[in-house]
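Feature annotations, courtesy of Swiss-Prot:
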- 62, 63, 127, 158: [4Fe-4S] cluster binding site (BINDING)
- 236-248: compositional bias 'Polar residues' (COMPBIAS)
- 228-248: region 'Disordered' (REGION)
């Protein structure tokens, strides 16, 4: 007996639904939605990167002591997926902790170039960012590591606390989450993450590099000499008398 096309059975309806392409939008079943995750390649790639940042152990001054404190149980930076490495070929993050000298600059650039892409840099401490207390009269300190390699996050302080390093890691993870695979060939500094717009007031520099020309450098003050029983040079006594006459 041939099937009646006017009254199709349930089996025929199911078979027809499987063969024909329905005009309506296909519905995702509950089983499929619970077992399949829909995402993009960029999101998956960035998630894998930001969850396993491997920093290179690089320290040249006292700031590295604060970074070494993160390895202990009090701060435990392993919960961020940070695994310290001693080889630049196994690291994708370098934290420049300490002063960078002219002699160390070529070695730092070589370490950065040996790191595989994608790679990131965190400048930790005032000496790394601007030269710090060595920026006024030092002939060997580099005034900013960003003159050598591109920097993603800056951590000011002398030295910064371990909590500040965690804050920098979180900001770097947010920066990594917004990247795209198409930008891997771009070496310029893009997509920097700024947390706060600071309203800084420009003031005159305290260290102008002219303190060697001050009179107290050539001879101590007269009060100090008298208190310590130091002999007062005649030239200094004459100059002080002239200053008193000019004032009077």
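The first residue you see is number 1, and the count goes up from there.
Even glycines carry a Cβ here, placed using N, Cα and C.
Just so it is clear, the model here is predicted, and its values are computed rather than measured.
Feature annotations (Swiss-Prot) mapped to structure.
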{"residue": "62", "record": "[4Fe-4S] cluster binding site", "Cβ contacts under 8 Å, 6 or more apart": "98, 159"}
{"residue": "63", "record": "[4Fe-4S] cluster binding site", "Cβ contacts under 8 Å, 6 or more apart": "97, 98, 124, 125, 127, 128, 159, 160"}
{"residue": "158", "record": "[4Fe-4S] cluster binding site", "Cβ contacts under 8 Å, 6 or more apart": "125, 126, 127, 132, 133"}
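Residue 63 ([4Fe-4S] cluster binding site) falls within a helical segment according to DSSP.
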